[in-house]
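All remarks here apply to the structure that follows.
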Amino acid sequence: MAITLNNGFQMPVMGLGVWRMEKHLVRDLIINAIKIGYRHFDCAADYKNEAEVGEALAEAFKSGLVKREELFITTKLWNSDHGHVLGACNDSLKKLQLDYLDLYLVHFPVAVKHTGVGNTSSELAEDGVLDIDTTISLETTWHAMEDLVSNGLVRSIGISNYDIFLTRDCLAYSKVKPAVNQIETHPYFQRESLVKFCQKHGICVTAHTPLGGAAANHEWFGTVSCLEDPVLQGLAKKHGKTAAQIALRWGIQRNTVVIPKTSKPERLKENFQVFDFELAIEDMDLINGIDRKYRTNQPAKFWGIDLYA
């Protein structure tokens, strides 16, 4: 099951995110995911495991488990490389052992101090606040992203963590329109206005943190998971599924792409088993009614500044 992007390429609606996936677990998780049926993998330079993903992909190709053209591989430009887009993309391609990317995203709409291509630092200034580079505009970064398409290194380009205002600006100054906006969205943080704005203008929304971060974000940020909500629990019982599967199915039926993250083999299989049932309109309405406008991913904890304020 896939969504057709605004440039005609197909993007599988279910992907595996590799954020916080420990390096020694990457190989088995990627290989097992491919065997289960995953064809979409969401990476980023800042996750610091592109090389391990690349080793797993190379093994999968060499063994004949899957062909390169059957996979959709995403990775992202880190904040410290906004002025070095070509170098950063080539660095990711080298680590991933690929000739091209299916999708390359601007990870966050902010440029910070550059400390070397691929170093993906988030250096703080003397005041303890993220050292933001005010000399590089998002428009400049985007035009460098467009060059990657012209040069055949990337099939599609997109944005991540952009709000309506920044997305509108990108549409205005772009020659190659963003194919995707990857944002945090889940039953407790539905962001209906942003989702509808993107979809209205031909931008596919990818939901990172589609399960609300669950235990991982609780550990990092002290946030609450939507998976314990009585509505999701009740629908899980009704359909004979888990609350996570209900949340993922809701995301898919909103016409968004979902990229749950897990390092547990049993969850890997569970998350993929969402294509054998459908939520009724009344089920969707119940979930639509539990929105708390509740963000669970809080980078301000590390950056000393709330960029969402």
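From the backbone N, Cα and C atoms, a Cβ is placed for every residue, glycine too.
Nobody curates TrEMBL annotations by hand; they come from automatic prediction.
Here TrEMBL flags 15-291 as domain 'NADP-dependent oxidoreductase'.
Every protein chain shown contributes to the tally, and the Cβ of Tyr47 (active site, proton donor) ends up with 23 other Cβ atoms within 10 Å. TrEMBL lists Tyr47 with the feature active site, proton donor.
In sequence order, Cys43, Ala44, Ala45, Asp46, Tyr104, Leu105, Val106, His107, Ser160 constitute the residues six or more apart from Lys76 (site 'Lowers pKa of active site Tyr') in its chain with CB-CB distances below 8 Å. For Lys76, the entry in TrEMBL reads site 'Lowers pKa of active site Tyr'.
Annotation comment: TrEMBL describes His107 as substrate binding site.
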Just counting, how many other CB atoms are there within 10 A of the CB of His107 (substrate binding site)?
22
Roughly where does the domain 'NADP-dependent oxidoreductase' (15-291) sit in mean pLDDT, to the nearest integer?
93
